[in-house]
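A.B. asks: Got a structure for you, questions after.
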Amino acid sequence: MENNVIVFFLSFLSSVVFIEGFKRFQKKLRIGQYIREEGPDLHNYKTGTPTAAGLVFIPIFIAVLLNFNRGPESFLIAFSALSYGLIGAIDDFMKIKRKNASGITAVQKLFMQFTAAFIIVYFIQQINPHTYLIVPFSGYKLDLGWFYYLLSSVVIVGVSNAVNLTDGVDGLAGFVFIGSIVPLLIVGYQSVVYLSLIGLLMGFLWHNWHPASIFMGDAGSLALGGILATSFALNGLELFLIFFGFIFLLETLSVIIQVTSFKFRGKRVFRMSPIHHHFELLGWKEEKIAFRFSTLALLVSLLGIIGWREL
């Protein structure tokens, strides 16, 4: 218990202090976020806001995790954080270098993400060999054979990108992530991992609540998704991400629905996707979106805890 308290407060305080320094560093160099043209016009004023806070809180996460838990699972989660954080950092760097919102290409990003995912899945099989998915509420182990390796890799890449899609409104990705994982503390699953992340994200939100003075960037969002997916894949719990990553799944589905509908019907289902922009264009304030989405994330993840009881 004492270690858990230390993990949380160490993560929180480190995040608050070092992100503040990182903000000042970027302002001194006059670098910051470039807003994508296809996003809402409401966001244009955010151009130049410091970004890539993930470059601060992900290294802190790795240091805290490996200081308090040096088991093989922790090393693999740290590798996931590092690899996806680096992919995001490259993307953030290219945006700053090119002075626009275009980072690396989708093909380049997916290639790096799947390479990292294949490595992660390989080492998962060394740590905890399995080819099954545990079905929520039943505990049934659905054996997929060799197909599991591919599916698990797709899940890791998909969740990483889903968190990235959610990071489009001040405070949204951070609060939704916290709401999604807090219930895991009830069952004590990967306590050091999630206590550290909660502390770090609360520290980040100290600076990211509307109006945000810094964004997490791809370095943060891709890494958070990689951590979440890897921690579940370690034990065949990918299906539980339906509950513990519900909002991230919803955001991704909204993009798929929007693109598919426009391609085949010539009509848009939402005013803009991902879906948080739809509500933004309906007049919802950013604080309202962040609060309601994170509340929904918390409620759905609590349902996941009920299904967890069968494990």
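Placed from the backbone N, Cα and C atoms, the Cβ positions cover glycine too.
The transmembrane segment annotation in Swiss-Prot covers 2-22, 48-68, 74-94, 104-124, 144-164, 168-188, 192-212, 214-234, 237-257, 288-308.
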A.B. asks: Report, as numbers and ranges, every residue of the chain located at least six residues beyond the transmembrane segment (2-22) whose Cβ falls under 8 Å of a Cβ in that stretch; write 'none' if there are none.
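C.D. replies: The answer is 50, 53, 55-57, 60-61, 64, 68, 191-192, 195-204, 206-207, 214.
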A.B. asks: Which one of these stretches, 48-68, 74-94, 104-124, 288-308, has the most C-beta pairs shorter than 8 Å to the transmembrane segment (144-164)?
C.D. replies: 104-124
A.B. asks: Any contact between the transmembrane segment (168-188) and the transmembrane segment (74-94), i.e. 3 or more CB pairs below 8 Å with pairs at least 6 residues apart?
C.D. replies: no
A.B. asks: Are there residues at least six beyond either end of the transmembrane segment (214-234) with Cβ under 8 Å to its Cβ atoms? List them, or say none.
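C.D. replies: Sequence-distant neighbours of the transmembrane segment (214-234): 19, 22-23, 26, 33, 49-55, 57-58, 61, 73, 76-77, 80-89, 91-92, 103, 113, 116, 120-121, 124, 127-128, 152, 155-156, 158-164, 166-167, 173-174, 177, 180-181, 189-190, 193, 197, 204, 207-208, 240-241, 244-245, 248.
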A.B. asks: With the transmembrane segment (192-212) as the reference, which stretch in 48-68, 74-94, 288-308 has the largest tally of C-beta pairs below 8 Å?
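C.D. replies: Answer is 48-68, with the largest number of Cβ pairs below 8 Å.
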